[in-house]
Amino acid sequence: MGSLSLSFTDPQDQEMNISSQKLDKTHLLNLFKCQQNYLNHFFKNLDISQTLAFTETLLKAEGTIFFSGVGKSGFVAQKIAQTLVSLGIKSGFLSPVDALHGDIGILSAPDLLVMFSKSGNSEELLKLVPCAKAKGVYLISVTSVTPNGLTRLCDFNVHLPLERELCPFDLAPVTSTAIQMVFGDTVAIALMGARNLSKEEYASNHPAGRIGKSLIFKVKDVMKKKDELPVCREQDLIMDLLVELTSKGCGCLLVVNNEYHLLGTFTDGDLRRTLKASGEGIFKLSVGETCSRKPRTIGPEAMAVEAMQKMESPPSPVQFLPVINDENVVIGIVTLHGLVSAGL
């Protein structure tokens with residue numbers, strides 16, 4: 001029987017290797033400058049007419065725009081596909097390996113297949129091409145090395161000028177993937193402009209994000225209402241309202257008449273100031289005698305982000321806004337805490 005030879009790294013040798021590693025500030029700065037130069041080479045030599053034709057092809061696509069790639073180019077392709085989806089464009093990522101094991105069934109004649117590859121000679125993509133052609137799919141290659149196998153097989157080709165990789169061996173795909181990402185994302189924004197995508201439409205595709213919430217949520221979506229409202233009448237005594245003031249979590253009372261018209265507000269700050277000024281006399285004071293008669297208000301159809309801006313506006317910030325309708329009837333209250341909790 002043969003013997004199994006095991007080799008172990010001496011911990012002391014490992015510590016010596018780590019201690020010998022050194023990051024040179026000047027070298028790091030030079031790397032960034034070199035990368036900038038390589039990116040400038042891409043911008044200066046990019047064929048704009050070719051890029052325009054590529055973008056127009058995507059714009060006029062009747063089917064789904066699929067992106068594919070291997071390795072790092074595959075990650076870029078997947079990211080660009082996701083960007084287009086977020087813009088409301090039918091798009092997706094198709095793994096070339098998975099495609100050859102059944103996923104190619106998602107392709108049909110109106111679709112486009114955009115293949116990202118630095119060399120244009122990735123075996124997986126070259127195998128995918130004839131299978132995609134058999135589906136009647138329009139094929140586009142996005143490559144940097146010429147000549148290559150994909151350009152001879154595809155219906156349309158885009159060349160991304162690459163001077164060299166930043167890697168000292170010119171091997172690690174760092175500059176090539178950077179220009180792929182810049183190219184794809186810039187085309188995506190061009191499509192966004194060509195389709196006249198509005199800010200509201202963009203937000204509708206990002207409902208869970210802060211941007212989406214700020215453009216979708218209205219005051220009526222985030223306000224407290226009905227039994228949650230801390231309401232009182234102006235003749236009510238302050239000391240009889242302490243539970244109402246504190247239990248509703250709004251930091252205020254909404255002073256209304258019998259028709260629920262807003263007369264004013266009384267805050268916990270007003271309570272402290274009144275107690276300091278009147279002492280025991282507070283037991284005989286009604287809320288109407290000390291409330292603010294001209295509070296800031298907002299309507300239910302206003303955007304929630306507008307409510308936040310109104311709370312923070314001069315002369316001093318406030319923590320809440322009564323929500324009233326066109327007849328000055330109280331229908332809700334929106335609080336700063338509620339807006340923050342909603343992700344705004």
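Start at 1 and count along the chain as shown; that gives each residue its number.
Just so you know, glycine gets a Cβ as well, placed from its N, Cα and C.
According to TrEMBL, the protein carries these features:
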- 54-197: domain 'SIS' (DOMAIN)
- K72: site 'Catalytically relevant' (SITE)
- E124: site 'Catalytically relevant' (SITE)
- E165: site 'Catalytically relevant' (SITE)
- H206: site 'Catalytically relevant' (SITE)
- 223-285: domain 'CBS' (DOMAIN)
- 291-344: domain 'CBS' (DOMAIN)
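Overlay of TrEMBL annotations on the structure.
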residue	record	Cβ within 10 Å
K72	site 'Catalytically relevant'	16
E124	site 'Catalytically relevant'	18
E165	site 'Catalytically relevant'	20
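Across the domain 'CBS' (223-285), the DSSP tally of helix, strand and coil residues reads 30 helix, 16 strand, 17 coil.
Distance noted between the C-alpha atoms of E165 (site 'Catalytically relevant') and K72 (site 'Catalytically relevant') is 13 Å. Residues of the domain 'SIS' (54-197) grouped by DSSP class, helix first, strand second and coil last, total 66 helix, 23 strand, 55 coil.
Model confidence over the domain 'CBS' (291-344) stands at 90, taken as the mean pLDDT rounded to a whole number.
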